[in-house]
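Taken from TrEMBL as is:
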type: DOMAIN; residues: 252-387; note: domain 'GGDEF'
type: TRANSMEM; residues: 29-49; note: transmembrane segment
type: TRANSMEM; residues: 55-76; note: transmembrane segment
type: TRANSMEM; residues: 88-106; note: transmembrane segment
type: TRANSMEM; residues: 136-157; note: transmembrane segment
type: TRANSMEM; residues: 163-186; note: transmembrane segment
Amino acid sequence: MNINTFKSKYKSISFGDNLADEKVNSTRVIVILGSLLYILYSVMDYFGFTKDVLMQLYIPRVANLALYAFIYYLTYKREFFLKHYNNILMSGYVVSGIAICFAIFIARDGDYSHGMYFAALMVLVYNSFTWSYLPMHYSVILGALLLVSYAMIKIYIHQDASGTHFLLFIGQVFYLISLITVAATSKIIRDNLIKKNLLLQKKLTKIAKAKTQEAERHAKLANLDVLTGLPNRRSMRSRMRQALAEAKQSNTKLTLIFIDLNGFKIINDNFGHDSGDRVLEITAKRLLQTTRKEDYVARLGGDEFLIGLKTNCFSDQFVKTLCEKVKNSVSAPIAFKGQKLQVDASIGIAQYPEDGDSIEQLIKVADQRMYINKQNCKIKRTSAISELLS
């Protein structure tokens, strides 16, 4: 993968936004560790400096620790801290660098503090690259400034760029340049790995979301009748069990209305399955329009439907009226390819608690009463035809 492809691929990733928590946490670690090191250096100063110059270090040391404490406090002002992260962290590194360079500046020739604070300078530079999430150019500028400052002190103040100290000075400068190079390379590798990880996380999140949506869709389809969009028998049993439990708890009635279409088979046989599908779709819509939003309408299979509704002890008339509306709605003609298709409904009713205390019992009773109603309708139609022929 070339660099342009890489940049293009990761351009959409909001690097800083995704590292918000890490920026806060890493800054707190840096501040705590930096403070502990500064305290340790304060103890070591007694061995690295003479007493007459030791007091000169207290002011920058205290100022630096105060700044660390303030930066630590700002990490709890999350929005402000993240908005000004680069400037806040850079100020901490710059002040720390000034304090270290000042210690090197006042060190006398022969004090072992030369090497001690040169090591501190290297730690600070490396830290700005690898522990922080500053942009690359911030860390490079900081490293360059500290390198130049150190070189100027050694050349013009300590005059270590000539004589026997020249090779040591060149070696120290080489160490700093090498450190900056290694740290910058490490930062590039780290940031690229983080970006790849973020991209992978986004891909996995997208895949997981798609799979979740697919699973939800399958779960929904598993509970729906594909043709009518109504809940199927499986969904009906689950929902009605829940409704029955609520009815028992609230001491109310639960009514099941079992509906079977008369004349559906004739339409299917004479006009084809498309006509039967049309009848089922229109019947489902009409049942939804006839019932209330809180009522439950399901297709049990074939030409059988079921309506479940919560009622109270004074609602027998309501149920009767609803059944009449259902019969009138279902029996209305249905247009199909220039034909008028017509069915009517046989209805059976069962209620909790009178007819049973389980959904299975209620469905069985409603089914039996629907069958009786269907047989009575056939007898009436047969009698009517006989009267016409007599």
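First residue shown is number 1, and so on along the chain.
Heads up, the Cβ atoms here are built off N, Cα and C, so glycines get one too.
Nobody curates TrEMBL annotations by hand; they come from automatic prediction.
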Of 55-76, 88-106, 163-186, whichever stretch has the most CB pairs under 8 A to the transmembrane segment (29-49): 55-76
PLDDT averaged over the residues of the domain 'GGDEF' (252-387): 87
Helix-strand-coil residue split for the domain 'GGDEF' (252-387), DSSP-based: 70 helix, 39 strand, 27 coil
